[in-house]
Amino acid sequence: MKHFLSLALCFSSINAVAVTVPHKSGGTGSPEGSLQFLSLRASAPIGSAISRNNWAVTCDSAQSGNECNKAIDGNKDTFWHTFYGANGDPKPPHTYTIDMKTTQNVNGLSMLPRQDGNQNGWIGRHEVYLSSDGTNWGSPVASGSWFADSTTKYSNFETRPARYVRLVAVTEANGQPWTSIAEINVFQASSYTAPQPGLGRWGPTIDLPIVPAAAAIEPTSGRVLMWSSYRNDAFGGSPGGITLTSSWDPSTGIVSDRTVTVTKHDMFCPGISMDGNGQIVVTGGNDAKKTSLYDSSSDSWIPGPDMQVARGYQSSATMSDGRVFTIGGSWSGGVFEKNGEVYSPSSKTWTSLPNAKVNPMLTADKQGLYRSDNHAWLFGWKKGSVFQAGPSTAMNWYYTSGSGDVKSAGKRQSNRGVAPDAMCGNAVMYDAVKGKILTFGGSPDYQDSDATTNAHIITLGEPGTSPNTVFASNGLYFARTFHTSVVLPDGSTFITGGQRRGIPFEDSTPVFTPEIYVPEQDTFYKQNPNSIVRVYHSISLLLPDGRVFNGGGGLCGDCTTNHFDAQIFTPNYLYNSNGNLATRPKITRTSTQSVKVGGRITISTDSSITKASLIRYGTATHTVNTDQRRIPLTLTNNGGNSYSFQVPSDSGVALPGYWMLFVMNSAGVPSVASTIRVTQ
């Protein structure tokens, strides 16, 4: 497999060129804070570049003629470079420290690599620190890896007052000992508001070499696997057969990269499901008939069988028998009615279901079938059935035996009337035992359409019966479309990002304030806002440590709305009343790591617990995460800190695959999850 660097060189002819702001007369230009060389391929922080007039900069090493101040002289043709010579080159990490002389509300940093055609010193892994005194730096506000090319790099992060900024180059992109920077800028927000206690916290930022338009949690490692398309910043004009991926390891903070060619599949805009064996099944998209399989245990991509129908923007869902159902997807592969089909992990084949008609689930989108069969809200349920909760007003039951079938489940309505279509809204099964699904947001049309605050609770019964549907609370605080969400261990649903009016590849009308829905109280609660726009092509996933991974947006090539990063949201249940991280309960032992549906598991913990839940490992793209669902567990205390519980006996509730087991104490603080595989 090719490394990103070689792929960047292959695509150099189509990469965007940095824009140069003309210098004033006099040659070297002004060192003031206006961004000198703004890339068209990444989103800058919201705010303005800080004047560099009075800055003092220091670096750990410098070559004569390439001193520290060359990175703030306003001239893209000069650069700071660490020492090199016959006596040996100092190895990274290398540090570049800025004293701005006054305290600023800092929310980002930009770094322009050297522009002379030489790659020496390009920064790979890096960390960004802030300090008020130049001595106490704390933990990084941003870290990760930048894509290896010459365009401007950004680190966007939550606003903090600071006087000092430090960029640490942990590695060089090509494994060399040097670091070089042509220009560096620091950004300021217009104001700063300290996070309110009790509403969770954002940060740190994880810088990525790609725009993560799709992602999954690797169940055997806990790493976040992400991918974009054949390019790190765009999907259009794909030659096919190539996907750029990245992985972030929460335990080390390291971002790694891989270019996948073995499956000959550009996996942009796919359907994604974790099958009953735990493999991640990625279907269609830019290569509209292809299937790729990711095996977490071997960290390998495997070619899968072609689908019967070419698809893009379809959804898929794992069923009670571990097979995967998919339907729709007219974004690519032709515009026509794309009925259902099923993938069998055992036979590695796709089978058409000609009577599982797509027509009943179409929205009335003004762009027609090209959009109206996109992103279905699908839930594998009992007896091999699949429930379609939206985004169309119409709900349906799909059946997957023989030639398939479909039966109306009525409309998504309440005492407030029939809900409109909610394309690019969200649907989350927060209590699979009771069949509870929360739906919220979206808009009548895919794009150029105002979002809604509508929210509903759908309660499923037996397949084929009409579900009960009621309005949830008073709806969302904020109208949203292109937002994302995850179910949390305590049964609440975290909702973030989105736009008030859906316009793909624009960061207009963003919603920065997330919400949490608490079902016991039937109430939505505002949380602390973030400062990075997350709209079209953003993703969210629940991490095994109970935090939320939220990233991406854009993937539009030569635009200013590409978000090469992610953030971590820490829910309030991980803090104590003093605002410090709470002491977590720990699972010290599980009687098994694999259990059949209906089986019992005994666990030991280091302290008393009161609740437990299973949450299926998630996959996410284009507002869809059909894999996540939560099972609240009934605990039996065996004495001391030993507990047991039974997994539901219906595989339509406890879908086969990998699950996260969380336990919670009386304060509601969750443990780090243990991974449990549920089998049939």
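Keep in mind that glycine also has a Cβ here, set from the backbone N, Cα and C atoms.
Among His94, His126, His456, His622, the residue that Swiss-Prot places alongside Tyr313, Tyr536, His537 at the Cu cation binding site is His622.
Note: Swiss-Prot links Cys556 through a disulfide bond to Cys559 (candidates: Cys424, Cys559). The Cβ of Tyr536 (Cu cation binding site) lies under 8 Å from the Cβ of Phe482, Gln499, Gly502, Ile503, Pro504, Phe505, Glu506, Gly553, Gly554, each of which sits 6+ residues away along the same chain. In three-state terms derived from DSSP, Cys68 (disulfide bond) belongs to a helical segment. When Cβ-Cβ distances below 8 Å are used as the criterion, the repeat 'Kelch 2' (279-321) is approached by residues 214, 216, 218-221, 225, 229-230, 235, 238, 240-241, 243, 260, 262-273, 327-334, 338-339, 341-343, 345, 348-352, 373-386, 400, 619, 622, 624, 626-627, 650-652, 655-657, 680 of the same chain, each at least six residues removed from its ends.
Of all Cβ atoms in the protein chains displayed, 20 besides its own lie within 10 Å of the Cβ of Cys556 (disulfide bond).
Using DSSP to sort the residues of the repeat 'Kelch 2' (279-321) gives these counts of helix, strand and coil: 0 helix, 18 strand, 25 coil. Each residue in the repeat 'Kelch 3' (323-372) gets a DSSP state, and the totals come to 7 helix, 13 strand, 30 coil.
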